[in-house]
Amino acid sequence: MESQYNAAAIEQKWQQDWVKQGLDKTPENSNKPKFYALSMFPYPSGNLHMGHVRNYVITDVIARLKRLQGYRVLHPMGWDAFGLPAENAAIDRGIPPAEWTYKNMSQMKQQLQTLGLSIDWEREVATCAPEYYKWTQWLFLQLYQAGLAYQKEAAVNWDPIDQTVLANEQVDSEGYSWRSGAKVERKLLRQWFLKITDYAEQLLTDLDKLPGWPDRVKLMQENWIGKSVGAYLEFPIKGSEEKIAVFTTRPDTVYGVTYVVLAPEHPLTLKVTTPEQKAAVDAFIEEVSNESEIERTAEDKPKRGILTGGTAINPFNGQEIPILIADYVLYEYGTGAVMGVPAHDTRDFKFAKEKQLPIKVVIIPENSDNTNPPLTEAYTDPGIMVNSGIFDGIQSTEGKTAIIEYAEKEGYGKARIQYRLRDWLISRQRYWGCPIPVVHCPSCGTVAVPDADLPVKLPENVEFTGRDASPLAKLEDWINVPCPSCGEPAKRETDTMDTFIDSSWYYLRYTDANNNQEAFNLEKANDWMAIDQYVGGIEHAILHLLYSRFFTKALRDRGLVNIDEPFKRLLTQGMVQGLTYKNPQTGKYVPSENVIFQDDHYRDKETGEILSFFYEKMSKSKYNGVDPKQVLGKYGADTARMFILFKAPPEKDLEWDDADVEGQFRFLNRVWRLVANYLENKPKTVKKASELTKEDKDLRRAIHTAIKEISEDLEGDYQFNTAVSELMKLSNALTDAKCLESGVYQEGIETLLILLAPFAPHIAEELWHNLGYEKSIHLQSWPTVNPDALVVDEITLVIQIMGKTRGTIQVSATATKDELEKLARESEVGQRYLDGQDVKKVIVVPGKLVNFVIAK
């Protein structure tokens with residue numbers, strides 16, 4: 001074998017060889033247990049970043065491990081290829097989105113292949129390909145026919161730069177678009193929605209079926225679904241037959257209601273507004289109308305409101321209370337109205353103080369007898385109901401039930417469960433997305449495109465002049481079609497689908513990616529699903545993961561799959577962070593090449609100013625990124641993989657460190673030299689097991705300890721970093737061992753390479769073949785622990801006198817307490833320190849030490 005480790009040569013060689021062998025193809029007919037390993041597929045931006053590399057390397061190690069452990073493995077890859085960036089690139093560069101996207105996919109695929117990922121590329125999918133989005137459209141129609149897809153007029157978040165609708169999740173807490181950075185506006189449009197709310201309770205309760213998910217992610221979904229148990233109460237409007245309906249989780253406070261608040265958009269707002277207040281109310285509505293929901297409900301923003309002049313009546317006590325409108329009440333949430341209980345709600349208390357509204361105490365602490373205490377803040381804890389008519393003296397927690405029963409009896413309201421989750425708005429006014437397969441007919445209304453006419457393809461003769469209206473809305477030849485039902489002139493839907501639709505089912509397509517007759521074969525999908533290990537970023541905790549769970553349940557109810565949940569286990573890998581330099585005076589980031597270390601400080605090379613330094617997520621704007629191509633070019637894929645796996649536990653953030661990269665490169669070189677030395681000095685005959693020396697047994701123990709520790713590290717939480725540490729320990733044990741003529745040494749070399757194979761697949765394969773094997777190392781079996789090899793024949797016994805260590809001796813691991821004391825006394829150390837001494841007490845800790853207490 002070559003004396004020097006040449007990563008570039010062996011990696012290229014084996015990547016080509018694995019393709020020829022078809023090593024990464026998914027076994028179709030096998031009796032082996034299945035394992036489906038999947039990384040969240042990328043958007044084809046054109047270049048891999050280190051976050052990508054970490055994600056895909058983690059999944060690849062798991063896939064390779066499971067193959068070695070005897071599983072048939074599905075490990076596919078594809079492209080989340082629709083979306084605004086491609087369309088914006090077409091505008092900026094003057095090239096079609098498809099051309100830009102497919103070029104990027106090709107480029108990124110080559111980059112992924114250089115990492116040595118064991119991906120079955122024959123199952124590659126691209127969501128922008130007609131053969132994929134045909135089935136996205138078909139699945140949409142399944143939901144439409146089931147009543148889960150519908151259109152309605154809705155106030156939406158409008159991005160004025162990208163000229164499209166944004167879901168609430170795509171607007172930040174300051175009211176800006178997550179992608180373009182534009183200030184989001186409110187706009188009334190007819191939009192398509194999916195009834196995810198029909199599955200709210202299932203989505204919530206089935207989180208208990210996911211023990212393999214991080215608690216943090218489950219909590220985020222639980223909060224987003226936002227189940228509230230309470231009551232629906234109605235407040236009559238004075239002088240009207242109308243009533244204001246509110247939802248409350250605190251019916252026990254209803255006697256403390258001193259005002260009600262409507263959303264500015266509420267249909268009753270204009271009806272309750274008096275002529276005197278109309279001008280002010282109209283101005284307020286106009287002011288609020290351009291603010292996003294996120295902006296209006298932000299907790300740190302002052303709440304604004306105005307009196308309408310109207311009055312409501314609290315049916316429980318007959319009191320007249322003012323009606324206001326306020327920005328923090330949203331018509332799309334709940335009933336679009338809330339009751340104000342300032343004495344027992346923090347937000348209401350602050351709002352009432354600002355508006356000089358009455359504050360009425362109806363709950364007091366159990367140990368208090370003051371029924372009208374002065375308040376400096378809202379009292380929100382449980383207590384005793386007061387000033388509440390027939391409910392005075394009742395525990396407030398019991399009062400909730402009592403009030404609801406009374407309301408139902410008197411016709412004031414009823415018990416109700418409400419969810420924060422809203423239906424999923426899927427319309428997008430853009431070109432580069434999956435067309436919604438419906439036609440609007442003046443006679444027939446909305447008509448589904450027949451299955452035989454799918455896919456509704458995106459037209460190619462599109463002119464991109466700027467980010468104004470959707471290009472599809474201008475294409476008369478494409479829009480105008482006969483109605484599929486009556487044959488009369490009709491128009492296509494010009495909105496496209498939210499790209500999260502594409503990614504809500506892609507994992508199912510992988511199970512049968514080349515099927516031209518159906519989205520996926522039911523038998524194949526049910527065979528491979530659910531995904532055994534899913535890997536991706538925490539940023540997808542709510543959107544993608546929740547939508548995919550909804551899709552799976554909806555398709556289950558259509559008889560298309562037989563599972564409740566798509567992802568058994570979820571690993572959310574941490575970010576890759578780079579060393580970042582920043583001028584604290586100007587706030588500007590400084591590239592590393594402009595930084596010098598001088599007088600114990602990092603300084604700007606040009607100005608000499610002291611810079612602050614820290615680790616942050618890699619990005620171009622912070623000049624702290626590391627190009628994977630440069631790392632692979634200098635060290636090779638195996639070194640990059642080893643560093644990423646060793647530097648931090650997978651769920652933690654990883655701080656990039658060139659010195660540690662170099663350290664992993666040195667380790668692989670040591671492994672190379674270790675095998676080269678073994679082959680150079682390999683004996684012609686091997687000792688029999690019965691002839692094993694103590695050194696042989698110690699080495700075998702080190703080998704099987706490594707198998708045990710690494711196997712345990714790679715189950716459960718996938719602690720790759722500690723597994724790599726164990727690989728290093730085994731390598732060191734083999735380097736230090738002198739028993740090359742022993743069969744144990746050969747076992748150690750082979751075991752090291754198989755254990756290394758999932759982490760550094762190229763060097764492991766090369767060295768395996770150098771040992772003389774023809775069959776790929778990746779087709780071997782994961783080593784199993786021999787319990788007998790872990791048994792320790794001898795241990796090191798510490799001898800202490802008065803608690804101080806005086807020496808050690810080797811003793812049998814099975815020696816009794818009496819035998820240990822005897823051996824310690826008879827040892828050279830014992831005789832030297834105990835001769836002529838009066839031993840008062842002997843403390844024996846089996847397997848560790850003997851401590852002699854002597855008289856002073």
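Residue numbers in this text run from 1 along the chain shown.
Glycine too: its Cβ is placed from the backbone N, Cα and C atoms.
According to Swiss-Prot:
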- LYS620: ATP binding site (BINDING)
- 42-52: motif ''HIGH' region' (MOTIF)
- 617-621: motif ''KMSKS' region' (MOTIF)
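Sequence-distant neighbours of the motif ''KMSKS' region' (617-621) (same chain, 6+ residues past either end, Cβ-Cβ under 8 Å): 49-51, 575-578, 589, 656. Summed and averaged per residue, pLDDT over the motif ''KMSKS' region' (617-621) gives 83. Sequence-distant neighbours of the residue listed as 'ATP binding site' (same chain, 6+ apart, CB under 8 A from its CB) do not exist here. Across the motif ''HIGH' region' (42-52), the DSSP tally of helix, strand and coil residues reads 3 helix, 0 strand, 8 coil.
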